[in-house]
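What Swiss-Prot says about this protein:
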- 174-278: domain 'Fe2OG dioxygenase' (DOMAIN)
- HIS199, ASP201, HIS258: Fe cation binding site (BINDING)
- ARG268: 2-oxoglutarate binding site (BINDING)
Amino acid sequence: MSEEDISLPIIDLSGYLSPKSPDDRQNVIEQIRDACRDFGFFQLKGHGIPISLQKELLKSLGTLFSMPKEEKMKLSYLENPCRRGYEASGMSMREGDAMPDSKEAYYLGREDPVVEFSGFYGPNVWPNLPEEDFRGPVWEYYQKTSQLGKTIWEVLLQGLGYSTDLMEAFAKRPLVQMKLIRYPSPSVTLPGQFGVGAHNDFGGVTVLLQQAGKDGLEVWLEKQQKWLSVPALEDVYVINCGDMIMKWSGGRYKSVRHRVINKTEGERHSCATFWHGDVFATNPLNPEDPNKETVGQLLVKRFRHQMSIHKEGLAQVGEL
């Protein structure tokens with residue numbers, strides 16, 4: 001295969017979810033294992049999430065971001081101890097970037113009644129919109145992609161020869177975060193400005209829905225030293241591994257840099273669900289790992305300068 005022919009594999013998960021032969025599940029496990037080893041990314045069809053729900057989610061996303069700016073700012077994630085809510089354009093910038101991201105975003109997670117463990121658990125912030133226009137479809141979608149993220153973790157464990165029994169403790173009370181994103185039209189983006197600058201995801205499994213026909217995601221190919229454009233296909237998800245998976249798998253699964261550039265005229269919408277595991281869970285990708293570092297400890301190191309993490313919260317996750 002020439003460099004020009006390189007593309008992310010498209011894997012059909014239906015062979016794992018509803019196998020028709022004794023080999024179907026193992027074939028999917030091996031395909032996902034190989035994709036995560038070679039690319040750290042793959043595309044996924046046959047995932048079981050209705051396309052009607054995907055479209056409802058994207059419609060709800062559009063409704064949210066079309067609200068007046070002053071109404072959106074009332075939902076600011078900076079006012080929330082769990083960092084749930086709205087992020088305005090220009091508020092994210094990574095070290096080395098010339099300009100901040102052009103995207104707008106809205107964050108939500110598990111719906112817990114009180115703030116616990118450094119803000120990783122707690123209540124969401126919901127806009128004042130009719131239930132059927134936002135909260136209903138968004139929450140249903142969150143639950144569906146949460147289940148899909150868990151399934152991918154199960155496959156990753158089996159790809160390294162471990163039993164899915166390890167998921168019982170790992171998924172006891174999982175940290176699952178979701179991010180709704182709107183990228184502005186290229187016509188209103190500054191020259192050289194990215195929708196999202198180059199970065200690695202920091203945690204576990206990412207489940208990404210792209211608005212069909214609105215390309216923008218690019219993945220870095222280290223061997224070829226080039227960016228690979230990932231097409232935005234209808235009813236096809238993009239799955240990738242974060243830094244936690246790469247570390248815990250001993251590098252057998254990759255975490256790879258990626259970025260977003262809106263390449264088509266008009267807005268571009270997407271939604272990413274991040275499945276990390278229980279805050280007190282340790283490494284299921286290597287049960288014999290002597291480090292015994294927990295999900296919470298890893299995420300605190302990543303977030304301690306972004307979230308309102310106080311001494312009590314650090315002690316709760318064993319990081320004090």
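Positions of Cβ are set from backbone N, Cα and C atoms, glycine also.
Distribution of Swiss-Prot features across the structure.
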| residue | record | DSSP (3 states) |
| --- | --- | --- |
| HIS199 | Fe cation binding site | strand |
| HIS258 | Fe cation binding site | strand |
| ARG268 | 2-oxoglutarate binding site | strand |
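The binding-site residues in question are HIS258, ARG268, and the one with the fewest Cβ neighbours inside 10 Å is HIS258. Around the Cβ of ASP201 (Fe cation binding site), the number of neighbouring Cβ atoms within 10 Å comes to 22.
In this structure the C-alpha atoms belonging to HIS199 (Fe cation binding site) and the residue listed as '2-oxoglutarate binding site' are separated by 19 Å. Neighbour density for HIS199 (Fe cation binding site): within 10 A of its CB lie 15 other CB atoms from the protein chains shown. Mean predicted confidence for the domain 'Fe2OG dioxygenase' (174-278): the pLDDT average there is 95.
Each of VAL196, ALA198, ASN200, THR206, ASN240, GLY242, SER255, VAL256, ARG257, ARG259 belongs to the same chain as HIS199, ASP201, HIS258, is absent from that list, and has a C-beta within 8 angstroms of the C-beta centroid marking the Fe cation site. In this structure the C-alpha atoms belonging to ASP201 (Fe cation binding site) and ARG268 (2-oxoglutarate binding site) are separated by 20 Å. A gap of 17 Å separates the Cα atoms of HIS258 (Fe cation binding site) and ARG268 (2-oxoglutarate binding site).
Note: the domain 'Fe2OG dioxygenase' (174-278) comprises 9 helix, 48 strand, 48 coil (DSSP; helix = H, G, I, strand = E, B).
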